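One structure is given below, encoded as structure tokens.
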Amino acid sequence: MGLPKSFVSMSLLFFSTLLILSLAFNAKNLTQRTNDEVKAMYESWLIKYGKSYNSLGEWERRFEIFKETLRFIDEHNADTNRSYKVGLNQFADLTDEEFRSTYLGFTSGSNKTKVSNQYEPRVGQVLPSYVDWRSAGAVVDIKSQGECGGCWAFSAIATVEGINKIVTGVLISLSEQELIDCGRTQNTRGCNVGYITDGFQFIINNGGINTEENYPYTAQDGECNVDLQNEKYVTIDTYENVPYNNEWALQTAVTYQPVSVALDAAGDAFKHYSSGIFIGPCGTAIDHAVTIVGYGTEGGIDYWIVKNSWDTTWGEEGYMRILRNVGGAGTCGIATMPSYPVKYNNQNHPKSYSSLINPPAFSMSNDGPVGVDDGQRYSA
């Protein structure tokens, strides 16, 4: 016997009322924040991030931007159904244009012909369900690019640091500044804009790269120090691109090493991301270079672990988890142009994550990595 229509209508009205009240309750901070309260938050934020302005007019202009940022954050976080949170960070007083021009320094279009089939999906291939190169000691601590659009250099260096650790067993923090000062090309111009693969090519042509300790970061363009450029502590042999728009191939690559990627980071949600699994909104007009250092699944949601170069004050101590396995270009275009450096060992192939952390989960055949049933299986 069905329920009376009057009962169904009353139930719908009841739950609709509860939903409205819940949203109103969660968003109460939007209406309860007084101007004095927001001003106090702003002044605390200024102290935390060491911000100061030359005039009262500039202070007030930045305060208005801060208020809009805070409103966006409150509105976003009031929705308890969201998979991620946003929060106040060092970008809270910047306009969109200032943020883009200062922190987003990646440009696409270089060396698209060097696509390798090494990590093409193969029928029956099984991948680990979880990879985190941080736990294998192959990831240097979070760095900060500062007010320099050198994200391309940070991404390139992070993957070189990673493959060097995987092949040699030694983790060395390498010099982004050397790439910015000495690695300029027609398309790669230091703090202004750059290609990740131009960073790899510089290291190959130069015969190696110096350490961060010897050639420290300054967050600005400088003259190339030739003496320091000639000190070469880490080398790579070549670089390759993962098949484009193929998240399974990208996942396969990440089981063997951290991978450089680019994505669309221009939106407010990405800019102010603080925790959780980021699902957008974002497009696929890639403008920022980062590094994938792992992947996993939480609550049935697959994600990539992304290392950024915006200090530990952004995201999850400098990292982001971003939605994985959406197909095509991936979330925010993350699968559009993945690339990685190659450093040969006696097997001409890096050790897999599983072989370094757990008993080996892969064996090698003439066709590439072959897995055992401990994770995700690919089928055509």
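Cβ atoms are placed via backbone N, Cα and C, with glycine included.
Per Swiss-Prot, signal peptide is recorded for 1-24. Taken from Swiss-Prot, the feature disulfide bond covers Cys148-Cys191, Cys182-Cys224, Cys282-Cys332. The E64 binding site annotation in Swiss-Prot covers Cys151 and is backed by experimental evidence. The feature active site is assigned by Swiss-Prot to Cys151, His288, Asn308.
Positions of Swiss-Prot features highlighted on the structure.
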residue : record         : DSSP (3 states)
Cys148  : disulfide bond : coil
Cys182  : disulfide bond : helix
Cys191  : disulfide bond : coil
Cys224  : disulfide bond : coil
Cys282  : disulfide bond : coil
His288  : active site    : strand
Asn308  : active site    : coil
Cys332  : disulfide bond : helix
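In the structure shown, the C-beta of Cys332 has more C-beta neighbours within 10 angstroms than that of any other entry among the recorded positions Cys148, Cys151, Cys191, Cys282, Cys332. In sequence order, Ile142, Val290, Trp314, Gly315, Gly318, Tyr319, Met320 are the residues near Asn308 (active site), counting only same-chain partners six or more apart with C-beta under 8 A. Its Cβ placed at the centre, Cys224 (disulfide bond) has 15 other Cβ atoms within 10 Å. All protein chains considered, the CB of Cys182 (disulfide bond) has 21 other CB atoms within 10 Å.
Counting in whole angstrom, Cys151 (E64 binding site) lies 16 from Cys182 (disulfide bond) by their C-alpha atoms. The Cβ of His288 (active site) lies under 8 Å from the Cβ of Tyr103, Leu104, Gly105, Phe106, Cys151, Ala262, Leu263, Asp264, Ala265, Ala266, each of these being in the same chain and 6 or more residues away along the sequence.
Taking only the Cα positions, the spacing between Cys191 (disulfide bond) and Cys182 (disulfide bond) is 12 angstrom.
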